[in-house]
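Participant: The structure is given below, and queries will be raised subsequently.
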Amino acid sequence: MQSTSEMIQPIKWQDQQLHLLDQRLLPTQQLWLNYEHASEVSDAIREMVVRGAPAIGITAAYAVVLAAREAWNKAGVNWKQAMYEPLAKLAASRPTAVNLTWAIEKMTALYVNLPETYSPETALLEAAIHIHQQDIAANQTMGKLGADLIDPDSMVLTHCNAGALATGGGGTALGVISQGYSDGKIKHVYVDETRPWLQGARLTAWELMQGKIPATLQADVTAASLMASGNIHWVIVGADRIAANGDVANKIGTYSLAVLAKYHQVKFMVVAPLSTIDWQTETGKQIEIEQRPSREVTHIANQQIAPDGVKVSNPAFDVTPAELINAIVTEAGVVLSPSMTTMKNLRKQN
Ligand code: MRU
């Protein structure tokens, strides 16, 4: 089987430009957009041309390269000061996925030590490519570690999109699912459509079909009766930010799945690279949850479905308490029954 990552790479650096596959148009159109300005990349992240925590981090790293080129061209030896504004805009583009600030901090730690007297572009590009490649390798390791936890012929449910489109490589949750399918551990995948943005219907279903992995798309509200049927063994999802105690912020609806899974004795796996763990945030209560525009709820595919002027709540993420999670899988190892204490082993390696 060809892994989905061999076919789908949503972020490319070519001809000194950043190229992003426009995920707003998938699966019906494949359009690539090219970026030469960091501020346009910030807009692209906010508008979800690119989305998914690790993909946002990688994109931000390349945006720092563009910001440095512009700063050097504009300010010469004062280029470091000229980086402040574009990087502040970049950091504010989406608040929940910690990979964004993780990548900006990594790139900043490098550039503050670069000489002021020559262009920083080459050194920063090397660092951005390294971040991108590290994520590809992390996806492969997590795929194997996660698949090892699953019994043969299992049925799994996933939510949102934590696949190649959301990362640099084969995906986090979908990396485990691809590996599990190749190893005979997984025989079927149920995919939540993931209202309101429909990442499951538009992106995950598409990726699984490209990888020829047997999958069934369902409305989010179907999960309870699917679990009650006894035909599901694991829920496998990604994460946008994991607190030091193992609480997980992920796509809205993840928390309800975890509650349902506990009741039905279905196991719950979160798959995320170390770059998604925020050791500064002690518990999930402190994680900022992004509120997205009402239009994402009042419209589907530009078609209005709700009355004019209705009040809307549209949090993009929710927080699943660590006690509802059986395993957090990272490239540095698996944490079973996550808690402040069990997460500490991972921290030593980070
Ligand atoms: O709003 P999105 O599409 O960026 O949300 C994405 C998710 O919630 C993913 O599950 C998460 O970022 C992990 S992606 C490997």
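Cβ atoms are placed via backbone N, Cα and C, with glycine included.
The structure displayed is predicted, hence computed values, not measured ones.
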Participant: Among Q9, Q134, Q140, Q199, which residue does TrEMBL annotate as binding substrate at the site that also has R51, G52, A53, R94, N250, K251?
Facilitator: Q199
Participant: To the nearest whole angstrom, state the Cα distance for the pair K251 (substrate binding site) and C160 (site 'Transition state stabilizer').
Facilitator: 6
Participant: Look up N250 (substrate binding site) in the DSSP assignment and reduce it to helix, strand or coil.
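Facilitator: Reduced to three states, the DSSP call for N250 (substrate binding site) is strand.
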Participant: If one looks at the chain holding G52 (substrate binding site), which residues at least 6 apart in sequence have a CB under 8 angstroms from its CB?
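Facilitator: The list for G52 (substrate binding site) reads A97, N161, A162, G163, L165, A166, T167, G238, given in order along the sequence.
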Participant: Other residues near the substrate site, CB within 8 A of the CB centroid of R51, G52, A53, R94, Q199, N250, K251?
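Facilitator: Close Cβ neighbours, site residues excluded: I56, A97, C160, N161, A162, A166, G238, D240, A316, F317.
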